[in-house]
Amino acid sequence: MSRPQRISVLGATGSIGLSTLDVVQRHPDRYEAFALTGFSRLAELEALCLRHRPVYAVVPEQAAAIALQGSLAAAGIRTRVLFGEQALCEVASAPEVDMVMAAIVGAAGLPSTLAAVEAGKRVLLANKEALVMSGALFMQAVKRSGAVLLPIDSEHNAIFQSLPRNYADGLERVGVRRILLTASGGPFRETPLEQLASVTPEQACAHPNWSMGRKISVDSASMMNKGLELIEACWLFDAQPSQVEVVIHPQSVIHSMVDYVDGSVIAQLGNPDMRTPISYAMAWPERIESGVAPLDMFAVGRLDFQRPDEQRFPCLRLARQAAETGGSAPAMLNAANEVAVAAFLERHIRFSDIAVIIEDVLNREAVTAVESLDQVLAADRRARSVAGQWLTRYAG
């Protein structure tokens, strides 16, 4: 019998990381944790190390590494604790690693995800910002290295399942008319427009269907999450923005659809549980038990659809514009959004200010070509600086 596949889980203490480790634990004959990384939830990371006994753990700073190393050694765990961004890249690209779950949220996850790609790993991509920021560079690296890139976002995983195996030959060539990217509409889908300025972080984080981290929950509430996913879909499936249509589907049962030229629409359905796309990507092209309950269509009862209202969700409009503009625009969109969402979560700005800040950054910063990672990161820094200036002027 072959040895278990070794997986590095980047962002192990987040919701995606925990779901990944749940699947790992269900299949000890198939998978084992090689490295687990965490950022701020270090007590949770220690507990995960005690349970999964990885070869490596990675934390942000040396002091935290020394403390965690001591705790694990006292418990008889031989995990070696590393620290810093370079260590993240090392555990993502180590020769012993078979697959990498890239689940660090935001721009911080880009270098390690790219390191896994350049090392030719099977990369389970949950960090959508990596593709949003550096789409062309990222996909070129995939082709150059021979990495296997499998999407973890439920929507992109659904699209991947609904496309033919040879979709890389070109969407038109395989008969695809358009990709239908579904969205729940978040907690504010029916909130009166005049009330959106006064919603709280707690309300924004109360997603009706999915359990997610705070930043992604706010992105879902503003539908920036769907805007980032639109950009990601364009890169993953070599689609034009005009070929990707966003559809609000409140039940979150249909995770996305592919519309073909013969009139067929193929969809992937399932309960809203990230273990489904995670297990599919881990085992692809096979399928394995994930722990997700079967979908009860009789309990679902009905499936509703509606067009997104761009007045209610201006972030979706801004993301589509950035996708159409290209160059550094998506990286700046993402950076401005990260700054704005953090400020909202800290109660420095209103929910409605998030889109205002992003639009201000996109209007003030010139779009440039991005031909290297340094240029991507420079665009990211410029956008963060401009967004910070807005906060100083209006929220200081």
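Each position is counted from 1, following the chain as shown.
Every residue, even glycine, has its Cβ placed from backbone N, Cα and C.
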Co-listed Mn(2+)-binding residue [Swiss-Prot; alongside D153, E155] among E46, E61, E229, E245: E229
Same-site residue for NADPH (record: Swiss-Prot; known: T13, G14, S15, I16, N127, E129; options: G213, G227, G263): G213
Alpha-carbon distance [G14 (NADPH binding site); E229 (1-deoxy-D-xylulose 5-phosphate binding site)] in Å: 19
Neighbour count (Cβ, 10 Å) for E129 (NADPH binding site): 25
Pairwise CA distance, G213 (NADPH binding site) versus D153 (Mn(2+) binding site), rounded so that it is a whole Å: 14
Where T13 (NADPH binding site) falls in three-state DSSP terms: coil
The one of G14, G213 whose CB sees the fewest other CB atoms within 10 Å, among these binding-site residues: G213
Pairwise C-alpha maximum, in angstrom, for the residues (T13, G14, S15, I16, N127, E129, G213) that bind NADPH according to the record: 18
Shortest C-alpha distance to G14 (NADPH binding site) - which of the binding-site residues D153, E155, N225: D153
